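Chemist: Pasting the feature list from Swiss-Prot:
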type     : residues : note
TRANSMEM : 23-43    : transmembrane segment
TRANSMEM : 104-124  : transmembrane segment
TRANSMEM : 129-149  : transmembrane segment
TRANSMEM : 175-195  : transmembrane segment
TRANSMEM : 205-225  : transmembrane segment
TRANSMEM : 258-278  : transmembrane segment
TRANSMEM : 310-330  : transmembrane segment
TRANSMEM : 349-369  : transmembrane segment
TRANSMEM : 374-394  : transmembrane segment
Amino acid sequence: MLAAALRAAGVDVSGWSQTGQYALWLVAMAVLALILVSFGAVISGMTVWWEMRVSARMQSRIGYNRVGAAGFFQWIADAVKLLLKEDLIPADADRLLFRAAPYFVLVGFALVFVALPFGESLIAADLNVGIFYITAVTALVVVGILVAGWSSNSKWALFGGMRSAAQVISYEIPAGLAVMVPVLMSGTLSMQGIIRSQGAWPWEWHALTNPFAMVAFAIFFVAQLAEGNRTPFDLPEAESELVAGYLSEYSAFRFALFFLVEFGNLWVMSAISVTLFFGGWQVPFAGPEVFAAARGAGDLPGLAWWGLQLASMLVFVAKTLVLLNVVVWVRWTLPRIRVDQMMSLCWKYLVPFAFVCFVATLLWQILVARVPATAPVVGGLMLVAAIVAGFSFLRLTRRNISAVGDRVDFTNW
């Protein structure tokens, strides 16, 4: 693709030496890495703004409204403020590890975007083991958190790091078993392959074509909340118990890196869920043959192909925002649970249910999925059930609001 772009720009690369082509590849990889980190930072900042606006709406207050329209650029002001603060390192801290810990976390976060498909061709690397790669690189985040807690030479930071390590290691098991459900349904570990095995319509998504896949999604979603240290699983940063947990001794730029990753993970976990269970970037009325026809036979694709790529990205972002709202809703609704409750939930409930979903999906694929027209029929029935459940929930919510004499205030949005 890079060589094709250079040829289209009038650059003849046929006579370049092997060293020159290798140097060009290194430059391209460096630019790609910079783009990924910058993109992750922008995603994190916009997620902060979105959560603050949604949480303000939920609590009938204004929220961000000073810097930019509807406070949209407030996250930039916050980032500049953190960058200009004094960077303090405790006198008794392990200075090398204290400095390195935020970069472990940042690298683990940024590497996820390599295999995350934002569109039909909008992916840095379509790895044939994409979901396995994402599971592996996200483990770097907990390494950084544990190193941050240890190197701070503070009991509160150490307790926070140890809690995070125990939490992530425990919830990786149900998350991994839940991920195996869409892998079994699609027959591939590739993120793009998992998306292409689904369809654009809701009754073609993995979450609705198999009753056990919806349960697997719920397990995966809860496990991702725990791995991301989100309420009600924010025990590593519990202010009432550990000051700020592993972040207690961090300030300025290094604190900003942790902050960036924490909010960026909200987007990542929602995007992974959309990819595995909700059809990813699939665009209605635009199947693979439409993308292939728009691509054409030339070195560089035409305008129609780029339009389809934009449409697929918008579909992916819209689905991700829906799940992101659910994450925000959970945070501002549920209280923090205790450590023993967190571990009991994982080992006594999520792990057994995830294993049952895995085995049941195995049997479903062998005995039921091969029957013609099974997927659309099951998908349609589950879609109707989901719509009925959603309207029932909204009706119950409206009844509860009326019963207590409360009102929904739209004036502050």
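From the backbone N, Cα and C atoms, a Cβ is placed for every residue, glycine too.
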Chemist: Count, for each of 23-43, 104-124, 205-225, 258-278, 374-394, the Cβ pairs lying under 8 Å from the transmembrane segment (175-195), and report the range with the highest count.
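Modeler: So the stretch in question is 205-225.
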Chemist: At an 8 Å Cβ cut-off, counting only pairs 6 or more apart in sequence, do the transmembrane segment (104-124) and the transmembrane segment (310-330) clear the bar of 3 or more pairs?
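Modeler: As far as Cβ distances go (cut-off 8 Å, pairs 6 or more apart), the transmembrane segment (104-124) and the transmembrane segment (310-330) touch.
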Chemist: Can you find at least 3 Cβ pairs under 8 Å between the transmembrane segment (374-394) and the transmembrane segment (205-225), where each pair is 6 or more residues apart in sequence?
Modeler: yes
Chemist: In terms of Cβ proximity under 8 Å, which residues at least six beyond the ends of the transmembrane segment (349-369) contact it?
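Modeler: Cβ under 8 Å, 6 or more out: 171, 173-174, 177-178, 180-181, 184-185, 210, 212-213, 215-216, 219, 222-223, 375.
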